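J.: Reproduced below are the annotations present in TrEMBL:
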type	residues	note
DOMAIN	15-97	domain 'Shikimate dehydrogenase substrate binding N-terminal'
BINDING	Ser23, Lys24, Ser25, Thr70, Asn95, Asp110, Tyr230, Gln258	shikimate binding site
ACT_SITE	Lys74	active site, proton acceptor
DOMAIN	125-202	domain 'Quinate/shikimate 5-dehydrogenase/glutamyl-tRNA reductase'
BINDING	Gly135, Ala136, Gly137, Gly138, Ala139, Asn159, Arg160, Thr161, Phe162, Glu163, Lys164, Leu228, Gly251	NADP(+) binding site
DOMAIN	251-281	domain 'SDH C-terminal'
Amino acid sequence: MEQQQKAEESILVGVFGYPVHHSKSPVMHNAAFRSLGIDGYYQRFNILPEKLGDAVKAVRMLQFRGVNVTIPHKVAIIKYLDDITREAELIGAVNTIVHEDGRLIGTNTDGIGYVQSLREEIDIDLNRAHVLVLGAGGAARAIATQLALSGVHAICITNRTFEKAEELARVIGKIQPNTYALPMSELFARMKDFTIVINTTSVGMSPNSDESPLPADYLPEHLIVSDLVYNPRQTRLLQLAEKRGCQVHGGIGMLVYQGAEAFRLWTGMEPPIAVMWDALLQSL
Ligand code: ATR
């Protein structure tokens, strides 16, 4: 009886953020539900920080299958959960909650999403890759953590505020000892050593921005250039990289794959990547 009831229940999921109106996740997930014929619905929830605890209670009471969590709640939500996964613990932030047997488990699919998108879109041998991470904020930590767990050869972190790069390198160094911080002033001479550079800063994010976190002469032809910034228009960094003959990797894939991983956890089904990707592109 219980089993049957479960099968008949709709899958309710959503995203908690503040503000959250910009989130593209509903279009991706609702398109995925439709294409697989699943009775599911994904909704945005604008949750004030002081109401976060109540919102988590609602997830339990209303039998949500799970929620995504975005700015500014990714760290604060942890204290309301029953458990978190190793990834979430290492990253120090949760972007996905799974409601399972009455328990709320927090995980983080940002780093996994990034690495999957990289593997799908770019010909790269991660075990031999020497990675340069630009930035030392939340996105940098998620990505560097997953790259370290995926066994990359070495990770270099640089940042406008160098102390933050040093701190992140210390944290990631516990997973991959071959991790170090480098001041931006020393970057130019070292660019030839890297396999891939990943921009995790917000430089280039504002619409019509012509800013690049690195000038063109920092981009040798062999370098793979990856930019988390997802602009319908290619970012200035990727434009410069393409002109130099570099392979480029944009930020849309990460968005799709982090959502796809959450979809897999909530439904137990293989996410329809192409459907999610198309829905996202159309909404940009
Ligand atoms: P996110 O969660 O998206 O990573 P964040 O934690 O606020 O956001 O981190 C933003 C990153 O972008 C930081 O590394 C920040 O550098 P600082 O630590 O020096 O602040 C970087 N960043 C933001 N604006 C920048 C700019 N104009 N030039 C260089 N780096 C910038």
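Each Cβ is built from the backbone N, Cα and C atoms, and glycine gets one as well.
Annotations in TrEMBL come from automatic prediction, not curation.
These numbers come from a predicted model, not from an experiment.
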J.: Within 10 Å of Asn95 (shikimate binding site) by C-alpha distance: pick out those among the recorded positions Lys74, Gly137, Ala139, Lys164, and say none if nothing qualifies.
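T.: Final answer, ordered: Lys74.
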J.: How does the domain 'SDH C-terminal' (251-281) divide up by DSSP, counting helix, then strand, then coil residues?
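T.: Reading the DSSP string over the domain 'SDH C-terminal' (251-281) gives 25 helix, 0 strand, 6 coil.
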J.: When the Cβ positions of the binding-site residues Asn95, Gly137, Arg160, Lys164 are compared with the atoms of ligand 1, which fall under 6 Å?
T.: Gly137, Arg160, Lys164
J.: Do you know offhand how many angstrom separate Arg160 (NADP(+) binding site) and Asp110 (shikimate binding site) by C-alpha?
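T.: That comes out at 23 Å between the alpha carbons.
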J.: Using Ser25 (shikimate binding site) as the reference point, find which of the binding-site residues Gly137, Ala139, Gly251 has the shortest Cα-to-Cα distance to it.
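T.: Going through Gly137, Ala139, Gly251 one by one, the Cα closest to that of Ser25 (shikimate binding site) is Gly251.
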J.: Relative to the Cβ position of Thr70 (shikimate binding site), how many further Cβ atoms are located within 10 Å?
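T.: Other Cβ atoms within 10 Å of Thr70 (shikimate binding site): 19.
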J.: Quick check: of the binding-site residues listed here (Gly135, Gly137, Ala139, Lys164, Gly251), which one has the Cα closest to that of Lys24 (shikimate binding site)?
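T.: It is Gly251, whose Cα lies nearest.
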J.: How many other Cβ atoms sit within 10 Å of the Cβ of Ala139 (NADP(+) binding site)?
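T.: Total other Cβ atoms inside 10 Å, all chains included: 22.
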J.: Nearest to Asp110 (shikimate binding site) by Cα, among Lys74, Gly135, Ala139, Lys164, Gly251 (recorded positions)?
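T.: Nearest in space to Asp110 (shikimate binding site), counting only the recorded positions, is Ala139.
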J.: Give the three-state DSSP assignment (helix, strand or coil) for Ala139 (NADP(+) binding site).
T.: helix
J.: Looking at the binding-site residues Ser23, Gln258, which sits with the largest number of other Cβ atoms within 10 Å of its Cβ?
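T.: Top count of Cβ atoms within 10 Å goes to Gln258.
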